[in-house]
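Working notes, structure below.
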Amino acid sequence: MSWLSKLMPSGIRTDNTPSKKRSVPEGLWEKCSNCGSALYRPELEENLEVCPKCGHHMAIRARARLAALFDADSTTEIAARLGPTDLLKFKDQKKYSERIKIAQKNTGEYDALIAMRGLLKGRALVASSFDFAFMGGSMGSVVGERFSLAAETAVEIGAPYVCFSQSGGARMQEGLFSLMQMAKTSAALGKLREAGLPFISVLTHPTTGGVSASFAMLGDINIAEPQALIGFAGPRVIEQTVREKLPEGFQRSEFLLEHGAIDQICDRREMRDRLADLLAMLGRQPAPEVA
């Protein structure tokens, strides 16, 4: 101990020895990608990944979205164990089979679409949701099959169908097998229409490519989350093609609503109540109680 240390009151450091820092668990805080606010992760999850400061809708996993929609303990998953195969033995920088394994390990899911049947405020409902964390929510054979099985389940039990889209489009590693899903999913909705059952499409950020060009825009009612990017090609690709500057907000949900391409915009936190009210109206039933 130096002579200076002896003279200084206790608790005041006189050397450059780093102090012990209280450990903070990783992942406890997250930065809003829009306003930059530091957000407490448990509160953000409770708020359905919507920034409480600026209202920015951040990415949410498919199971969390469906859990927020359905009544508690009412769900049964559809085609839960159905997984993709590399029929074309496709390889770019990596083998497609390797990409599948990596995506499954990172997400804990078999593929990019989760489908369930359950209850929404006591009424039967079938719903599916894309998981963008799985290969950008790309649509391959499994996504198309799960979507179609969900539509068939809705017909079997006489329930409406809701799909939350979030996708970069068709999965290029499956080639024409992927593109065929555009027709397959659209045909599945035809059966739903013949049965007189409603289909509500909820477009979230981003919904592009083959998904936006097929079932995502075929809802009896098309709803979008705020500021969602919706279109076939992205704005940068369009600008490079036409060599013109696009209007501000082009392809965002507010722009599409203004030009009649979608029916309404709904905050994610209000989506459950909004869907329950719309489905009651379409089914000519009394509005459900707020819950």
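Cβ atoms here come from the backbone N, Cα and C positions, even for glycine.
What Swiss-Prot records for Cys32, Cys35, Cys51, Cys54 is Zn(2+) binding site. Cys35 (Zn(2+) binding site) carries neither a helix nor a strand DSSP state and counts as coil. Taking Cβ-Cβ distances under 8 Å and a sequence separation of 6 or more, the neighbours of Cys35 (Zn(2+) binding site) in its chain are Cys51, Lys53, Cys54, His56.
The annotation domain 'CoA carboxyltransferase N-terminal' is assigned in Swiss-Prot to 28-291.
Taken from Swiss-Prot, the feature region 'Disordered' covers 1-23.
The annotation zinc finger is assigned in Swiss-Prot to 32-54. Remote same-chain partners of the zinc finger (32-54), defined as residues 6 or more beyond its termini with a Cβ less than 8 Å from a stretch Cβ, comprise 60, 64-65, 68, 267-269.
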Other than Cys32, Cys35, Cys51, Cys54, the chain contributes near Zn(2+) (Cβ within 8 Å of their centroid) the residues Ser33, Asn34, Gly36, Ser37, Leu39, Pro52, Lys53, Gly55, His56
Least surrounded, by Cβ count within 10 Å, of the binding-site residues Cys32, Cys51, Cys54 is Cys54
